[in-house]
Amino acid sequence: MSPYALSMLMSSLAVGTIVTLSSHHWFLAWMGLEINTLAIIPLMTKMHHPRATESATKYFLTQATASALILFSTTINAWMTGEWTIMNMTNPTPTVILTLALAIKLGIAPFHLWLPDVLQGLNMLTCLILSTWQKLAPMALMMLTSHQLNTNLLIAMALMSTIIGGWGGLNQTQMRKIMAYSSIAHLGWMILVISFAPNLALLNLLIYLVLTSSMFLMLMTLNSTNTNKLSISWLKTPTLAASMMVTLMALGGLPPTSGFLPKWLILQEMTKQHLGALSALMAMSALLSLFFYIRLSYTISMTSPPNISNSSLTWRKKKNLTYVIPILIIMSATMMPITPTLLLLN
């Protein structure tokens, strides 16, 4: 792809998200989402492969359906209330339609089926953009309207997302599909607490962005797209392979990594809301995700490939590591000590 075209598409991605984040009018927010969708589709199809074309088609159809539902719900709301303000979603019918539309855009269960298939057909960089940057605008709209959304619907979708996200990743061998189910499970934790404490949902989103970005960047550096390639990652860069194990434990939510912080605070908030049974279900569903993270860590550290290559190309292969990866790895492992500060801010 031409550098000029690539810079134009990346700029359009940034502009679309910023328009949605800074708008108070529903039509402007919808327009930002559309710019975002149209900008990422050429990035998906730049590989010139049938799987990439299939992924782009599936993504376009699901996002177009979600955009139509958003426009439909906001039009009904404007007809009932007489205004297009984002913060004024008072009628239950357009609110439920909007919740379902944003769930389709984000890939929250039961509208998650497109996400693993779409990610599997893309290269790692586009997967990184789709799993991180493309979540910002819909999640911002959900946070802005969180006090008016149907809490029972959000709780049901959150529980379903964490169970499906953990269960779906158990038998996967492709890293992109594993990261897709990881994204579904993390989104379930975000929307669980979004109507009770939006600041905790924002904290969870920020930590999710750090963990997912570091994981994808490490997979790109090691050129690992499945578990078999992951098992020889220690031959290429041993330090990075060890750091990937820490990041996987953070994604699973094990203390004292950063991933434990949002789960701990969310479960604490749920028990304050007298939802002890729901907290127990969410904690047990997190064990499903933790299992395949531990399995990946075992693959990296304690298994050998069936045929070890004698070539010098894979032995301690030096990669041009950017400064971004070490910073993200440190943030993935060491954000736990800021918990007292966050509790004071609440």
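The backbone N, Cα and C atoms fix where each Cβ goes, and this holds for glycine too.
Just so you know, TrEMBL annotations are computer predictions that nobody has curated.
TrEMBL lists 23-288 with the feature domain 'NADH:quinone oxidoreductase/Mrp antiporter transmembrane'.
Taken from TrEMBL, the feature transmembrane segment applies to 26-44 (among others). Beyond its flanks by at least six residues, the transmembrane segment (26-44) meets 1, 5-6, 9-10, 12-13, 15-20, 52, 55-56, 59-60, 63-64, 67, 70-71, 74, 77-78, 84-86, 105, 121-122, 126, 129-130, 134, 137-138, 141 of its own chain at Cβ-Cβ distances under 8 Å.
The feature transmembrane segment is assigned by TrEMBL to 56-76 (among others).
Positions annotated as transmembrane segment by TrEMBL: 96-115 (among others).
The transmembrane segment annotation in TrEMBL covers 153-171 (among others).
The transmembrane segment annotation in TrEMBL covers 178-197 (among others).
Taken from TrEMBL, the feature transmembrane segment applies to 203-222 (among others).
What TrEMBL records for 234-254 (among others) is transmembrane segment.
TrEMBL lists 274-294 (among others) with the feature transmembrane segment. Here the transmembrane segment (274-294) has Cβ contacts under 8 Å with residues 155, 158-159, 162-163, 165-167, 169-170, 172, 178, 181-182, 185, 188-189, 192, 248-249, 251-254, 263, 266-267 of the same chain, all six or more residues outside its ends.
Averaged over the domain 'NADH dehydrogenase subunit 2 C-terminal' (290-342), the predicted model reaches a pLDDT of 73. Positions annotated as domain 'NADH dehydrogenase subunit 2 C-terminal' by TrEMBL: 290-342.
Taken from TrEMBL, the feature transmembrane segment applies to 321-345 (among others). Long-range contacts of the transmembrane segment (321-345) within the same chain, counting only residues at least 6 positions beyond its ends with a Cβ under 8 Å from a Cβ of the stretch, are 199, 203, 207, 210-211, 213-214, 217-218, 221, 240, 243, 246-247, 250, 255-261, 264-265.
Here the transmembrane segment (96-115) does not touch the transmembrane segment (203-222). Their Cβ atoms form fewer than 3 pairs under 8 Å, with each pair 6 or more residues apart.
Remote same-chain partners of the transmembrane segment (178-197), defined as residues 6 or more beyond its termini with a Cβ less than 8 Å from a stretch Cβ, comprise 103, 106-109, 112, 115-116, 118-120, 127, 131, 135, 139, 142-143, 146-147, 149, 151, 154-155, 157-162, 164-166, 168-169, 172, 204-205, 208, 212, 215-216, 251, 262-263, 266, 269-270, 273, 278, 282, 285-286, 288-289, 292, 296, 346. Under 8 Å from some Cβ of the transmembrane segment (203-222) lie the Cβ atoms of residues 124-125, 127-128, 131-132, 135, 139, 175, 179, 182-183, 186, 189-190, 193, 229-230, 233, 236-237, 240-241, 243-244, 247-248, 250-251, 258-259, 261-262, 265-266, 319, 321-322, 324-325, 328-329, 331-332, 335, 342, all in the same chain and six or more residues away from its ends.
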